[in-house]
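Asks: Quick one: this structure, given as structure tokens, is what I'll be asking you about.
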Amino acid sequence: MVVMARVPRPERPDLVFEEEDLPYEEEIMRNQFSVKCWLRYIEFKQGAPKPRLNQLYERALKLLPCSYKLWYRYLKARRAQVKHRCVTDPAYEDVNNCHERAFVFMHKMPRLWLDYCQFLMDQGRVTHTRRTFDRALRALPITQHSRIWPLYLRFLRSHPLPETAVRGYRRFLKLSPESAEEYIEYLKSSDRLDEAAQRLATVVNDERFVSKAGKSNYQLWHELCDLISQNPDKVQSLNVDAIIRGGLTRFTDQLGKLWCSLADYYIRSGHFEKARDVYEEAIRTVMTVRDFTQVFDSYAQFEESMIAAKMETASELGREEEDDVDLELRLARFEQLISRRPLLLNSVLLRQNPHHVHEWHKRVALHQGRPREIINTYTEAVQTVDPFKATGKPHTLWVAFAKFYEDNGQLDDARVILEKATKVNFKQVDDLASVWCQCGELELRHENYDEALKLLRKATALPARRAEYFDGSEPVQNRVYKSLKVWSMLADLEESLGTFQSTKAVYDRILDLRIATPQIVINYAMFLEEHKYFEESFKAYERGISLFKWPNVSDIWSTYLTKFISRYGGRKLERARDLFEQALDGCPPKYAKTLYLLYAQLEEEWGLARHAMAVYDRATRAVEPAQQYDMFNIYIKRAAEIYGVTHTRGIYQKAIEVLSDEHAREMCLRFADMECKLGEIDRARAIYSFCSQICDPRTTGAFWQTWKDFEVRHGNEDTIREMLRIRRSVQATYNTQVNFMASQMLKVSGSATGTVSDLAPGQSGMDDMKLLEQRAEQLAAEAERDQPPRAQSKIFFVRSDASREELAELAQQANPEEIQLGEDEDEDEMDLEPNEVRLEQQSVPAAVFGSLKED
């Protein structure tokens, strides 16, 4: 049933209620200022016709005009009602008016302003929308403007109205200056490049600016350079040249790009000569090869494009004489640029390090064939390079400069250059010494021998103030008198051109200054020997020995002793012995072998045999362990030759005690072999028995085979059994050592059957021992397998009528280890009586009787 109620006022529409509405109407009458009651009523009427719903909202807002909830729902519902209608429908105007009425009370609500502005944007009413945005910004506090501006800017960018957008952005940047990049991008897109460049320049100069896009100051600067250099006709308000040159001093690691940008600006502006000047300035100022390559390639490309453009213009308009001259000029300019590249690149490297000697030499080579440029380059080099900062050897510049004059026949100029070089305060004495040597070689090349000697004597003369060679506080001119390089050259010249006394004086002076080397000492002694001053030469050796210690004195001693023996032989034997003892006193083991052999040779040839043997004996103790084996071999050989092989027994015993197991084993075999040759079988067997203790049967099978062959030849069944017993004993000893080592390794790394980490937490202690026992049992089983099986005593039943063959078979089964000797040996043993011993007569080797060497 529908209840119709008329309102007495004519402007108010009739209110129509349904029976379901009465409870809500009654509640509203009781609480007409309750928002919740009205919202419940509105929620209930959501399915009602739109006019009825709007009427209900209007009734509620008339009583509660300041309710944000009611206005928000009402406006949202009104916008939804016209969403699918044409924007020219009058209903849109009603909704707009509804929003305007709402802002009478809700002008501080940014959400309503945003919805209204978006609604107007959808209608396409540009001016009305812009004014509404402005009203919203005026109505809202400044703290809420950040909610309006994103939509406002989107609205400005959505219409091709650059002036309106620019004005809006300018206002926005006052609120948010950090968003300047967004404005700059818009200006670029709208082709307002002049203002974009201005804004970008402002941003670059602002040190406090932080890019929202994460760009560095250099990236922004690079954008500015690209913008102003590529659009010279559109950017008029900025001084492009000053801006880019300011960047050259600011961003020194990107000079190549900035120079190219500046040249590109002038090229696009049509100022080609100015662009060429910029390129020339760039290639003369850049400091890195990368920047130079970048600028040079751009420069070459520019020249190529100019030539191509000129040729294209000439082909289109016809060639004239003036055009040909201009084209030839451009081609010549381009060729000159290409030919200058190595020199320009060298200039870049010298700007990086003007004290780089090698680069100066390369620069001279680039001027090959142009003497004036070479002289200028050398002059600039020697004036620029600081010897204390130089990379390389600075004296080579002076030497090469003088050599250039010499090659061109200007000897006086070359001498002047070298004379100036001798006055330069070099960092190292060796540099000045090299200059003096070059002075001498210059005179020698032109056969001015006296002048060469004069120069070197001048170089080695004592200065007014003496200084130590390595005293860096003194100039090198005061220290060059101790330079071995100059003295060596002077000594060579004196030997070739001077007298005996002058040469001797030079060598004596070298020794007095204590700057000699072992080779200098030997040369001096050889020089004296050539002139038959033998004792003087020996004194020279003595002076050299006093200057050096081991190992530097090794060559001097070897030469000295050799020369002394060859000179005197056995005539001054005691003096020779004293020299050897002096040489061996403090001699390192590494160098002792040669001296001992020389000493022993002296005693053998001129002295006593027992002295020689004593020297060999000392040598075996004095040399390095690695040389002891060789020394013992020599000792044994010489002892056998002098005294006979029987005298070598003590040497063998000592060698076996001293040498390592490997060499001792070899000595034992040789010792035993010698005893066999002498017929001392028991001695040889004792040696084999002793040596067996250091012979593991698993690795030294050759030794055991040798012993076995020995026993087969010279032994019997008992000795062979003893050998086998010893072998088993030794093998058991080595197996025990292996088992012990394996158990120790097992504690660290675990066994192959498992590890403690694999066990349960509660069983680690017990299973640790279990694993060790398993591993020990396994190793013991392997050792037992390696040993020959033991004889097992068995009880056999033998018939009384058993045949001889059956008894032999049972005996073989009862003792499988019984040694089967050959048939020949069995027959020999059967011929012998139990108490008989076979005696063999052997000849004594001639080596037993030694003697001294005959003269």
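Every residue gets a Cβ built from N, Cα and C, even glycine.
Annotation source Swiss-Prot lists repeat 'HAT 1' at 15-47. The repeat 'HAT 2' feature in Swiss-Prot is assigned to 48-80; the stated evidence is a curator's inference. Taken from Swiss-Prot, the feature repeat 'HAT 3' covers 90-122. Here Swiss-Prot flags 124-158 as repeat 'HAT 4'. The annotation repeat 'HAT 5' is assigned in Swiss-Prot to 160-192 on the grounds of a curator's inference. Sequence annotations record features per position, and here Swiss-Prot assigns repeat 'HAT 6' to 198-230. What Swiss-Prot lists as repeat 'HAT 7' is 235-268. According to Swiss-Prot, the feature repeat 'HAT 8' maps to 270-305. Sequence annotations record features per position, and here Swiss-Prot assigns repeat 'HAT 9' to 369-407. According to Swiss-Prot, the feature N6-acetyllysine maps to Lys420. Annotation comment: Swiss-Prot describes 498-530 as repeat 'HAT 10'. As annotated by Swiss-Prot, repeat 'HAT 11' applies to 532-566. According to Swiss-Prot, the repeat 'HAT 12' annotation covers 571-605. Summarising the annotation, Swiss-Prot assigns region 'Disordered' to 808-855. According to Swiss-Prot, the compositional bias 'Acidic residues' annotation covers 820-834. Among the features that Swiss-Prot reports, phosphoserine is placed at Ser851.
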Asks: What residues elsewhere in the chain lie close to the repeat 'HAT 5' (160-192), defined as a C-beta under 8 angstroms and at least 6 residues from its ends?
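Replies: Residues packing against the repeat 'HAT 5' (160-192) from afar: 126, 130, 142, 145-146, 149, 152-153, 199-200, 202-203, 209-213, 215, 227, 234.
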Asks: Short question: which residues 6 or more past the ends of the repeat 'HAT 11' (532-566) have a Cβ under 8 Å from it?
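Replies: Sequence-distant neighbours of the repeat 'HAT 11' (532-566): 507, 511, 514, 516, 518-522, 524-526, 572, 575-576, 579-580, 583, 586-588, 590-591, 594-595, 598, 602.
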Asks: Would you mind listing the long-range same-chain contacts of the repeat 'HAT 9' (369-407), meaning Cβ under 8 Å and 6+ residues beyond its ends?
Replies: 353-358, 360-361, 363, 413-415, 417-418, 420-421, 424-427, 431-432, 434-435, 438, 442, 445
Asks: Near the repeat 'HAT 3' (90-122), which same-chain residues lie under 8 Å Cβ to Cβ, leaving out any that are not at least 6 residues past its ends?
Replies: 65-66, 68, 71-72, 74-76, 78-79, 81-82, 128-129, 132-133, 136, 139-141, 144, 147-148, 151-152, 155, 158
Asks: Using DSSP and three states only, what is Lys420 (N6-acetyllysine)?
Replies: helix
Asks: In the repeat 'HAT 10' (498-530), how many residues does DSSP call helix, how many strand, and how many coil?
Replies: 26 helix, 0 strand, 7 coil
Asks: Which residues does Lys420 (N6-acetyllysine) neighbour through Cβ under 8 Å, counting only same-chain ones at least six apart?
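Replies: Non-local contacts for Lys420 (N6-acetyllysine): Trp398.
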